[in-house]
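Down below is the structure, laid out as structure tokens.
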Amino acid sequence: MKFIVKPHPEIFVKSESVRKRFTKILESNIRIIIQNRTESVAVFNRRDHIEVSANSHQYYQQVLEILTTTPGIQQVLEVKQSDFKDLHDIYEQVLELSRERIENKTFVVRAKRRGKHDFTSIELERYVGGGLNQSVESASVKLHNPDITIKIEVVDDKLNQILAHHKGLGGFPLGTQEDLLSLISGGFDSGVSSYLHIKRGSKVHYCFFNLGGPAHEIGVKQVAHFLWNKYGSSAKVRFISVDFEPVVAEILEKVEDGQMGVVLKRMFMRAAGMVAEKFDIQALVTGEALGQVSSQTLTNLRHIDVVTDRLILRPLINWDKDEIIKVARDIGTEDFAKTMPEYCGVISKKPTVKAVKEKLEAEEANFNFDILEQVVRNARQMDIRDIAKESAQAAPEVEQVQAIEEHAVVLDIRSPDEEDDSPLEIDGVEVKHIPFYKLSTQFGDLDQSKTYLLYCARGVMSRLQALYLQEQGFNNVKVYRP
């Protein structure tokens with residue numbers, strides 16, 4: 001098993017020193033994730049590309065997923081690599097691998113070459129293509145729009161026959177840009193905005209303002225952990241939770257109805273700015289889009305921005321909602337966002353779309369800012385890697401089982417795509433598939449006289465969901481860990 005990883009082209013327009021630093025960081029990121037998830041897979045930096053190889057295909061799917069979800073990679077080539085003696089040897093190797101592929105098909109050979117050789121790339125294409133055309137009678141050469149394109153690369157004394165081409169994530173390697181603090185709510189917007197900055201090379205830390213109690217926090221932690229685990233697990237990042245209910249209570253009591261939405265957003269930014277300053281983070285990230293809600297008009301955004309000296313980044317500012325949802329679907333956060341409650345919109349009945357500075361300041365003069373400072377001081381921070389551990393510790397009564405008791409039902413809570421790729425079938429056991437994002441609404445409709453064993457691939461989501469269900473009063477749930 002061998003993959004050739006091509007870094008994003010923007011890396012190569014940098015100066016030599018920056019290019020070397022970026023590719024070294026990319027190599028390190030790949031190695032960290034691969035070592036955490038696989039065994040006996042080697043990573044080598046070859047200056048203009050990175051090679052990932054192993055003696056077996058045992059971890060093929062895991063490695064391919066890692067490489068196609070790691071920021072900074074433009075494309076991943078799956079190759080068969082070998083030594084060669086001369087042009088004819090290359091032709092014979094290509095014939096052995098491609099003979100069956102081109103039978104009764106039109107084909108073309110495309111070659112790239114780097115190093116010192118006694119032939120050019122065009123000569124290589126002509127020699128190999130001509131040889132294949134003579135050796136496979138049912139095949140024919142077609143230079144434009146052929147059925148099969150045979151791609152080969154010759155690098156010094158190595159021949160790479162490209163078996164498959166996989167699109168990478170693009171962007172910059174994680175850690176090449178400065179850290180950011182994302183104001184995450186668990187909805188469509190904040191998940192996508194966080195992802196976009198991970199893709200661009202920033203370590204994204206998460207700040208959650210809790211307005212909905214433990215269940216809301218569990219849901220948001222799931223989103224943050226998912227984003228980190230899928231796209232940025234080479235980095236150590238923080239999850240900070242701020243209990244904002246006292247702040248909301250003070251706003252409801254002291255601030256005029258029409259100003260509540262903008263004042264709440266200003267309090268978010270003040271608090272996030274304090275958190276960012278504590279960790280020496282220069283910028284905040286939000287999922288705000290222009291005009292999406294009343295607090296996101298240009299006038300209101302300007303009034304929101306002035307309360308902190310941190311740079312506020314809004315990568316979705318000109319996006320339509322359907323565009324945001326499409327990206328959420330593509331990156332895997334849509335299912336989380338579908339069932340995430342929205343709390344911010346409920347506190348103002350007639351929100352202003354064009355706040356006035358003097359009126360905002362007059363309303364905030366009634367606000368007790370000691371409350372804001374207190375909730376920030378009491379904020380709880382954790383290493384995002386500990387979210388899985390916390391789920392087990394927070395709910396020690398959630399039993400994990402390997403054996404399935406009589407009459408128990410296994411609930412496969414993986415997403416439909418995961419379930420389709422690897423269906424869970426257990427002889428003699430009833431298995432139901434309810435995706436995790438539907439569990440909260442559908443679990444109550446099940447036969448509550450039975451015991452339900454929650455299953456997911458790694459056991460993280462099943463523990464978090466079991467905790468949530470037990471908080472709702474369901475004590476007939478366990479975690480199935482075969």
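For all residues, glycine too, the Cβ spot is worked out from N, Cα and C.
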* Candidate sharing the ATP site with Leu183, Ile184, Lys265, Gly287 (per Swiss-Prot), from Gln177, Gln296 -> Gln296
* Structure fact -> Note: in the chain of Ile184 (ATP binding site), residues six or more apart in sequence with C-beta under 8 angstroms of its C-beta are Ser190, Gly191, Ser194, Tyr206, Cys207, Phe208, Val220, Val223, Ala224
* Asked: How many angstrom lie between the most widely spaced Cα atoms of the ATP binders Leu183, Ile184, Lys265, Gly287, Gln296?
  -> 16
* Give me the non-local Cβ neighbours of Gly287 (ATP binding site): same chain, 6+ apart in sequence, Cβ-Cβ under 8 Å, ordered along the sequence. => Leu183, Ser185, Gly187, Phe188, Asp189, Ser190, Gly191, Val192, Ser193, Arg314, Leu316, Ile324
* Looking only at DSSP and grouping its letters into three states, which state does Leu183 (ATP binding site) belong to? -> strand
* Structure fact -> CA pair Cys456 (disulfide bond) / Lys265 (ATP binding site), Å rounded to integer, equals 37
* Structure fact -> The average per-residue pLDDT within the domain 'THUMP' (61-165) comes out at 96
